[in-house]
Amino acid sequence: MTSTVIDIPDSVRAKIDVRNLNFYYGQFHALKNINMSIPDRKVTAFIGPSGCGKSTLLRTFNKMYGLYPEQRAEGEINMDGENLLTSRQDIALLRAKVGMVFQKPTPFPMSIYDNIAFGVRLFEKLSRSEMDDRVEWALSKAALWNEAKDKLHQSGYGLSGGQQQRLCIARGIAIRPEVLLLDEPCSALDPISTGRIEELIAELKDEYTVVIVTHNMQQAARCSDYTAYMYLGELIEFGETEKIFIKPHRKETEDYITGRFG
């Protein structure tokens, strides 16, 4: 097993602390003894070749694997002093604290307004005016309010792909999570929409801990404060993004970033 190089200052406050995490798809050992601390209110990027475990690791943070009995995680994922893997916390409450946006836009088959209000109604009892304010706040945070304010009661499917993805981000932050997970959120978008999402990520980190999976090296370099390089289910190197891209400790990391991988 490869030894991990971690270069994170001790002064950095961790939001999620991962210790000896292993993950299995049936008999397949997908994540191997992962140890890392995700910094609070920063953007952390997971990079690596397809199948290296990036998305699997991301999805352990809100237990997305829980729907599949053959999938299991072992070890610790600590958040606010609680091990999420052994906690009896209601899974809906966990996913309210740890929101997620997927690779392809997934608006609900309802109006733009109800896309935002749906999750809020599960956890809060707001008056109509309070809900109106929350919808406007979330859409504004996602840089979508000006484009959507005159068609709030039209279907979310009527939005462009980039707008739909921003709608999904607005839906995720409407319930005011502490962590936002983004699984390749720009892979299906054009460059202009991608640029808007990246600008949004930069703004969101002031209030949320953001973790993004991306195959786009330039995106990781532009958007993230910290970067983790993974390969074959192992964490190879984790550190400040500038250092990872300019002077990585591990040759494997350098080879991947410079395109000499494989």
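A Cβ is built for glycine as well, from the same backbone N, Cα and C atoms used for every other residue.
Some features that Swiss-Prot has for this protein:
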type	residues	note
DOMAIN	16-257	domain 'ABC transporter'
BINDING	GLY48, PRO49, SER50, GLY51, CYS52, GLY53, LYS54, SER55	ATP binding site
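Annotated ATP site GLY48, PRO49, SER50, GLY51, CYS52, GLY53, LYS54, SER55; additional same-chain residues within 8 Å of its Cβ mean position, judged by their own Cβ, are THR56, MET230, TYR231. Comparing Cβ neighbour counts within 10 Å across the binding-site residues SER50, SER55, the minimum falls on SER50. Each of the binding-site residues GLY48, PRO49, GLY51, GLY53 was scored by the number of other CB atoms within 10 Å of its CB, and the largest score is that of GLY48. In the three-state DSSP reading, SER55 (ATP binding site) counts as helix.
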